[in-house]
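Engineer: I have a structure I would like to understand better, so I am pasting it below and will then ask my questions one at a time.
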Amino acid sequence: MKTTKRYYPNIFHSIIIILFYNSIIPFILKSLICLFLFFFQVKISVSFKPQHYYLNLIINILAFFLLIYYLNKKNNLEFKDLFSTKTFSYNISIWIILLLFGMSFILSELFNLLQYIPSNETLNSMAEKEIKFGQLPSLGFFLSLVLFGPLFEEFIFRGIILKGYLENYSPKKALIISALVFGLAHMNIYQFITASISGLFYGWLYLKTKSIIPCIFAHSINNSIDFIVINLLQIKIPNYILISDTSQFQPLWFDILGIALVIISIYQLKKIFKN
């Protein structure tokens, strides 16, 4: 009986990868740091300080490189071809930006709709964090959300997980499952929805370009849209990004604009990729 060769990673492997990156390796590193501080009797404040944020960032960087080192040594994965710029152009970047703004308009309205669901404390907490990022930008937030976060997540989710799925499953199945896994990795029902939708787009970019450069670019723009809208463009649309207590919606024209931007951008990107 002929057996089908399975490539790394499959769905089970990807879950293990995410657990190690999100939980196990950071937990071990934090435990070692706590033991070090306890051994030298160093006292730290339990209240939030910027230093704590940078410490978490350093831990995430270490976790990423430890994971990549292990995967490369154990499975001999090739990473060089992931950073090809041959299929990434100025035209593509413009339509990616416009599409992401359209998605932001639509997903903001989705958040307004989700406010009707009882017990939306998680949504409000998440929105509050995003608003703080938009209003109070800092080097730590920039490094985490715009630089290292997109780089690390696209390397893992598109460069390793989706790439492995494409060897094991059909392109459509690989794209959908990898997007759902990306959503689940955010461990939050509201972020699951937005991350899964974003993951579909990032994955589609990888399918078309076979490079994670466009994915990293799109992810970075997506993570910084709140800052761009609030600080740079200073757009003030009722119930856009800012969550109100009245559970009202955005203007209809704004929703239509978001849908139009997404449809036109996808059409243009498909046209570019086809040529």
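Backbone N, Cα and C atoms are what each Cβ position is placed from, and that goes for glycine too.
Where the annotation comes from TrEMBL, it is an automatic prediction and has not been curated.
Got these off TrEMBL a minute ago, pasting:
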- 12-40: transmembrane segment (TRANSMEM)
- 52-71: transmembrane segment (TRANSMEM)
- 92-114: transmembrane segment (TRANSMEM)
- 134-153: transmembrane segment (TRANSMEM)
- 138-224: domain 'CAAX prenyl protease 2/Lysostaphin resistance protein A-like' (DOMAIN)
- 174-202: transmembrane segment (TRANSMEM)
- 252-269: transmembrane segment (TRANSMEM)
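Have a look at these and tell me how they're positioned relative to everything else.
Structural biologist: Nonlocal intrachain contacts for the transmembrane segment (12-40), taken as residues 6+ away from its ends with a CB within less than 8 angstroms of a stretch CB, comprise 55, 59-60, 62-64, 66-67, 71, 156, 160-161, 164-165, 178, 181, 184-185, 187.
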Engineer: What same-chain residues lie close to the transmembrane segment (92-114): Cβ under 8 Å, and 6 or more beyond its ends?
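Structural biologist: For the transmembrane segment (92-114), the far contacts come to 120, 123, 127, 190, 193-194, 197-198, 201, 205, 214, 217-218, 221-222, 225, 229, 239-241, 243, 247-250, 254-255, 257-262, 264-266, 268-269, 272.
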Engineer: For the transmembrane segment (52-71), give me same-chain residues lying six or more residues beyond its boundaries with a C-beta closer than 8 angstroms to one of its C-beta atoms, as numbers and ranges.
Structural biologist: 17, 20-21, 25-26, 29-30, 33, 77, 79, 140-141, 143-144, 148, 152, 155-156, 160
Engineer: In the predicted model, what is the mean pLDDT computed over the domain 'CAAX prenyl protease 2/Lysostaphin resistance protein A-like' (138-224)?
Structural biologist: 91
Engineer: Could you give the residue numbers and ranges of same-chain residues that sit at least 6 residues beyond the transmembrane segment (174-202) on either side and whose C-beta is under 8 angstroms from one of its C-beta atoms?
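Structural biologist: The answer is 11, 14-15, 18, 22, 99, 103, 107, 110-111, 114, 122-123, 126, 153-154, 157-158, 161-162, 165-166, 168, 215, 218-219, 222.
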